[in-house]
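Novice: Here it is: the structure, laid out below.
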């Protein structure tokens, strides 16, 4: 029997062998605080590739040193960082998966000794520092940094780029009226609040012709914040600009209580897919093969982003295949261990 979860998926000229994506998750493991890939990262990402994930996405990687969430984040702000990232893509490719990178700037959530930057001088909460409102010059420099990061991503051998526009980081801060109180062309109307992301996408398109994803927070979980319907318009603009897929997460732009349950964010992937007519990725407490297969069969999303479940078990793909009764092609090195495996939950 054929299963959609294990069917190929082609975006532009890149074909994923299945619909399982390793969701980007910060490991805070650049131990020398220089943004460099370490041996841990090679093992971490390579193991998930060997575990038969279709697309392995490297964690949020800062386009500027001051754009890191922490000083142990990965970086792509300098050519000296390309070599390490190329080792990672080679490791991933050699183990049978495609490689993606998430380009990011933490904005007001940067927990560094340097000043935090944001569209407006509003802290995330009472314990975090007051950010500095970005000047237009700083905005232009950041747009350029995303473009230069895309060039380095290409040189490092990545197949897919994802722009991190979610979770209350810099791009999300520009999009949301809760965090963007500017009165210039970068604030006010939805068109103006989208301008920063528009310029980033335009700049990346000048140097990158591969698949381009954007991760969004499709709900601010605040009465005065953005809802998934607001993001329908944003994603229509993204599609017009050539974005290929929307990775649908939610929350974290402001402190909020969120009702979390299995597949709680799938509704956003479905809504965006249906109303913006664009491919989507579903993420959030997707933990079994049956659950993932149902999402795809219901046409609620095109790709399944797996996060914590892949931290618990890097061989999630094999377990999902066994659960569904699908014969997954194994690395030849593992052929001596046939039969079912389980997580023993």
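Glycine is no exception: its Cβ is also placed from the backbone N, Cα and C atoms.
A quick note: this is a predicted structure, and the numbers were derived from the prediction, not measured.
Not my notes, these are from Swiss-Prot:
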BINDING   23, 24, 25, 26, 60, 102, 215, 307, 308  FMN binding site
BINDING   28, 164, 165, 166, 167  substrate binding site
Novice: Can you tell which of the binding-site residues (167, 215, 308) has the fewest other C-beta atoms within 10 angstroms of its C-beta?
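Specialist: Fewest other Cβ atoms within 10 Å, among the binding-site residues 167, 215, 308, is found for 308.
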Novice: To the nearest Å, how far is the Cα of residue 215 (FMN binding site) from the Cα of residue 165 (substrate binding site)?
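Specialist: Rounded to a whole number, the Cα-Cα distance is 5 Å.
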Novice: So the record assigns 28, 164, 165, 166, 167 to substrate. If I measure every Cα pair among those residues, what is the longest distance in angstrom, as a whole number?
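Specialist: Per the listed residues, the maximum Cα distance equals 19 Å.
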Novice: Of the residues named as FMN binders, 23, 24, 25, 26, 60, 102, 215, 307, 308, how far apart in Å are the Cα atoms of the most distant pair?
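Specialist: Looking at 23, 24, 25, 26, 60, 102, 215, 307, 308 as a set, their Cα atoms extend up to 17 Å apart.
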Novice: Looking at the binding-site residues 25, 60, which one has the fewest other Cβ atoms within 10 Å of its own Cβ?
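Specialist: Looking at the binding-site residues 25, 60, the Cβ with the fewest others within 10 Å is that of 25.
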Novice: I'm trying to understand the geometry here, so how far is the Cα atom of residue 164 (substrate binding site) from the Cα atom of residue 60 (FMN binding site), in Å to the nearest whole number?
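Specialist: The separation of the Cα atoms works out to 7 Å.
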Novice: Need the DSSP three-state call for residue 165 (substrate binding site) to compare against my parser.
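Specialist: In the DSSP reduction, residue 165 (substrate binding site) maps to strand.
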Novice: Tell me whether residue 23 (FMN binding site) sits in a helix, a strand or coil according to DSSP.
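Specialist: Once the DSSP labels are grouped into three classes, residue 23 (FMN binding site) ends up as coil.
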Novice: For residue 25 (FMN binding site) and residue 167 (substrate binding site), determine the Cα separation and express it in whole Å.
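Specialist: Cα to Cα, residue 25 (FMN binding site) and residue 167 (substrate binding site) are separated by 12 Å.
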Novice: Cα distance, residue 167 (substrate binding site) to residue 308 (FMN binding site), nearest Å?
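Specialist: Checking the Cα atoms of residue 308 (FMN binding site) and residue 167 (substrate binding site) gives a distance of 16 Å.
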Novice: Counting only other Cβ atoms and using a 10 Å cut-off, which of the binding-site residues 23, 28, 164 scores lowest?
Specialist: 28
